[in-house]
Amino acid sequence: MGKLLVLSLLLAFLFFSCGDSHFQNSQTTLTSGEIQKGVQRNLLQVEENNETPVNSSYLILAAKRTHRRDPLDDFKKYTGGWNISEKHYWASVGFTAVPLWVIAAVWFVLFGLCLSLICLCYCCCRREPYGYSRIAYALSLIFLILFTTVAIIGCVVLYTGQEKFHNSTSKALTYVVDTANSTGEKLRDVSEYLGAAKKIQVDQIYLATNVQTDIDQIQEKINSSATTLTEKAVDNSDDIHDIVDSVRLALIIISAVMLLLTFIGFLLSLFGKKTLVYIMVIVGWILVTGTFILCGVFLLLHNVTADSCIAMNQWVKNPTAHTALDDILPCVDNITAQETMTKSKEVTTQLVNVVNQVISNVSNLNFSPSFKPLYFNQTGPLLPILCNPYHPDFTNRTCAPGEVDLSNATEVWKSYVCQVSSDGICVTTGRLTPNFYEQMAAGVNVSYGLYHYGPFLVELQDCTFVRETFIVIHREHCPGLRRYSKWVYSGLVMVSTAVMLSLVFWVIYGRERRHRVYTKAIRGRDFDKGT
């Protein structure tokens, strides 16, 4: 039981905490309406209603729902909002489970005293059983059957709830990890395209040296962001999976043990096995105490789950704000995203210029044979230039007539490729040698790849990918998480309460049964004497 409690407490402290589980001094501390960080930030308290918040640099999430008593702050109301890195948040949400833990303590003490008194009376004050009440006997049997049935139902609810809760948690974690991996892969693709752009050459013309240097710097930032994003999501997901799996096993064991205890205790009580019944009562006394403690833990977990879902929904309305949700799925650093987007547009423009420079100054000019290596017997229709998708200020540009788009330029240019002799001179009509075509096609492919990832980079800049992730979690996963965590909590309450009362009626029914048997035996002897 001790191990089960430890596992459950670990779950409460780590569930939904995809960041560091300890409270770091470097993180924002939210206590009693006061937020401190290195620079001054605006504060915004958002109520639980659907009103859309105004953009702010720091957003207090689920402020109304998390307005609970904080035992670490003289039981004042906690006003820091949802923050899984804040000890005051955990203290306030943990305070909601205190009634159940008090019940566990009271039950343990009072029932323990009752058992001690019964043992004391049995050992020191033995006396013959007196007459029994048929009503008391019947009621004790009815209540014993009733509470045994409720305990069985509670075990079924507990087992079903933990199974569904585990599945919902796994699906939500898998979705977060898949999103992080997908975003990280796209970032790496952009990095690879930028790296490939450095190697592009068309007729010995490369990107400018300063652009190549900038690419090296931005690649380092991109790769670092991608690694941080994926590793943080995957590592924390693995940790949570391990804990959830352990708690799942603990709940399965609890439901099985409590079900077995209920059956055996019921049967022993029916058959009047007094000594064995009292042994089962002692075992049940300890187990009921443990399950009431677990009830409190899962009530805490249920509240944290609900808080998290509300926090996600509120963050979606203000995605650029810095919040405690940064520990779960952080947005890519805005400066890095902006630099990546700007550099990708710049590199795309540079590559288009390199290609067009070769088209205008080499392919579309008719050099004399003496102008080698520029001469390769260019003949035929002029080669259309490549469309630059951006204006000089990097805003989107519409292609002009006669320009070929990045998406189909390589197909259009194929008809301009000539056959060459052994010395690289065209022997058929054409404006491109196969070598030139391959170099230009490589430049177009890299340019198109960077242009294709433009919308993705915009999403990185405004954190759209995180917003969409949280929208899906809130819409598709949160209802199940909240519902099934409540099932587990409710199942534990049913089992704990039913077994607790069953223990009482094991004793009461056993006593009434002994009195009934004794009374019948006395009456039988009196009848025999009378006859």
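Glycine too: its Cβ is placed from the backbone N, Cα and C atoms.
Note that TrEMBL annotation is computational and uncurated.
Annotation comment: TrEMBL describes 1-19 as signal peptide.
Marked as transmembrane segment by TrEMBL: 100-123 (among others).
TrEMBL lists 135-159 (among others) with the feature transmembrane segment.
The transmembrane segment annotation in TrEMBL covers 249-270 (among others).
For the transmembrane segment (277-301), same-chain residues at least 6 beyond its ends with a Cβ under 8 Å from one of its own Cβ atoms are 1, 4-5, 8-9, 11-12, 15, 93-94, 96-101, 103-104, 107-108, 111-112, 115, 254, 257-258, 261, 264-265, 268-269, 485, 488-489, 492-493, 495-496, 499-500, 502-503, 506-507, 510. Annotation source TrEMBL lists transmembrane segment at 277-301 (among others).
Taken from TrEMBL, the feature transmembrane segment covers 487-509 (among others). Beyond the ends of the transmembrane segment (487-509), by six or more residues, the same chain brings 100, 107, 111, 118, 136-137, 140-141, 143-144, 147-148, 150-151, 153-162, 164-165, 251, 254-255, 258, 261-262, 265-266, 268-269, 277-278, 280-281, 284-285, 287-288, 291-292, 294-295, 298-299, 301-302 to within a C-beta distance below 8 angstroms of the stretch.
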Checklist outcome for this item: Same-chain residues at least 6 beyond the ends of the transmembrane segment (249-270) with a Cβ under 8 Å from one of its Cβ atoms are 3-4, 7-8, 144-145, 148, 151-152, 154-155, 158-159, 162, 276-277, 280-281, 283-284, 287, 290-291, 294, 488, 491-492, 495, 498-499, 502-503, 505-506, 509-510, 513
Checklist entry - Short question: which residues 6 or more past the ends of the transmembrane segment (135-159) have a Cβ under 8 Å from it? => result 251-252, 254-256, 258-259, 262-263, 266, 269, 487-488, 490-495, 497-499, 501-502, 505-506, 508-509, 512-513, 515-516
